[in-house]
Amino acid sequence: MGFYSQTSSILSNLLYGKASLKSATIGNSKIKPEHKRRVYAAICETLKYSRVLLQVLDNTKILIGEKKILDIDCLVALHDLFFARGGIQHDKQDLNIKKLLLKNKNILIKEFERYKTLNNVKSKTDMQLEGNDKVFIPRYIRVNTLKASVDNVIERFVAEGYKYLDTVLYNEFEKKLRSKKSFCRDMDIPNVLVFPPSTDFHAHEMYKSGEIIFQDKASCFPAYILNPEPGSTIIDACAAPGNKTSHLASIIDNQGLIYACDLDKVRLNVLIKQTGIAGCTCIEPKCTSFLDFDPNSVEGKSIEYILLDPSCSGSGIVNRSDQLVDSFIDTFPNVKKITYSTCSIHTKENESVVENVLSHQNRFKLANRSIVLSEWNSRGIEYPNQNIDASLTKRELDALVRSSPEEMHTNGFFVACFVDPALIYQNEKDNIVYNEKRPLIDFVKSPIATTESQKVEVLPATNDNASSVETSFLVPAKTNGGEIDETKTLKKQKMDESVFNKKIESNGNSTDNASTKTNKKRKSGKKKVRQPITN
Ligand SMILES: C[S@@+](CC[C@H](N)C(=O)[O-])C[C@H]1O[C@@H](n2cnc3c(N)ncnc32)[C@H](O)[C@@H]1O
């Protein structure tokens, strides 16, 4: 793996708030010991100037039309171009990044000089981020309402000596959650509690019993926005390790049916275990690509809601997300609402995907801001676009939800909500953003790879590492840079496969808990023996 690819992947984790500087560099076993200090120094330096680097890159628009390189991939090399004595490093790796920057070297330097003039920069220090620019991400806990009420959980924490603070807004978290033993209720998402970042509840009884779940606030957005009613039939399309699945189960109060699809058996195994601990009884796990779910089968026709939360950033999905969403939207006849979410901050994986979806089909429209976290201030952003006619309007951008560590104190996140106007209730029809003018463009579908290349390595499925599992999937998995040892991953999956199949077939304890039981919508009272669909 080249130096620039490796450092940019680490940088991306840091900017998303998914790792600390030390653990991502000095404590990172994937970096050769002799390179650790150099990587650490490069990251520190680049982070210091990240604001100006991003701004210059954005202003030059050199990434427009660039399919494989994201802005974050260029930051360390751009830092070297502007600040390092020898400029961009000479070696045989990272050719694409280097080619792009060197081809545009003059434009970049000119824009950098313009930035300095406009911002009255007198020395390098004027361009550095200040100490108070560092991000503050609290420890978020979702109360699992299948097992406990939020009031009861608050009471129990108070009884343990925690100080409950009333009505704290997200922009006051940093100021008010200074004391280790203070906490508050989140004002945006029901049943979410907010603690200081260093809080660790891994050993807490309420965590072990599944009454509280570690889930970043932004990761609660999709299920909350989808808001299915009890009795609904839902696909959680990229479900593992299952935080959003258990959130959906608690929203429908276990009444209904959730097909939880995931390609990765190991991760699906974690989902089965975790949703079992959480007391979910309305989940049917399927070890399959969601694209293999037959929309015209009886099951397919019953689907009303879809939560689509694919892997993003470097996992290879970047140029396919639009097609993935599109293939879902086109096919399921009775789907009325779909959320598309990513833990990415890149417009290519977010706003551009939404634009593509709206440009290639006519059935689904964007749900209006009024039903998509209307009070949330961080919305869709403008993005480099070659096709002005197709670009999202201000109202459409306003219908999208974004979140970032710096501004909103959560991990980086994005959500769009699509609705079928013909299927939603009459009184909800004002909640749609129509854009009649958008020209429809034929969608040329290219084959979608849905197998090994997307699989990511996970930790063993134990209750104790549930939060690490959350971290492991949030950390973008670079497949192109060799950060993941595919052979190891596959071996591990093979080993876990037999355990998984045994569990499914025998309807063992944890499987039982996670399986579909009483479902108001299902007429037959018979218990179905679930079979994983394998590819
Ligand atoms: C971002 S993670 C999902 C996190 C999950 N929604 C949660 O909240 O816990 C993406 C997941 O999508 C799965 N995946 C990727 N492509 C898929 C496909 N075509 N069908 C089903 N699952 C897929 C990956 O194995 C990975 O577990």
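Glycine too: its Cβ is placed from the backbone N, Cα and C atoms.
The domain 'SAM-dependent MTase RsmB/NOP-type' feature in TrEMBL is assigned to 129-421.
Summarising the annotation, TrEMBL assigns S-adenosyl-L-methionine binding site to C238, A239, A240, P241, G242, N243, K244, D262, D309. Under the DSSP three-state reduction, K244 (S-adenosyl-L-methionine binding site) is assigned to helix. Other Cβ atoms within 10 Å of the Cβ of K244 (S-adenosyl-L-methionine binding site) number 25 in total over all chains.
Marked as region 'Disordered' by TrEMBL: 498-535.
According to TrEMBL, the feature compositional bias 'Polar residues' maps to 506-516.
The feature compositional bias 'Basic residues' is assigned by TrEMBL to 518-535.
One residue stands out among the binding-site residues C238, A240 for having the most other Cβ atoms within 10 Å of its Cβ: A240. Long-range Cβ proximity for G242 (S-adenosyl-L-methionine binding site), meaning a same-chain Cβ under 8 A and a gap of 6 or more residues, is found for A260, V270, L271, I272, Q274, T275.
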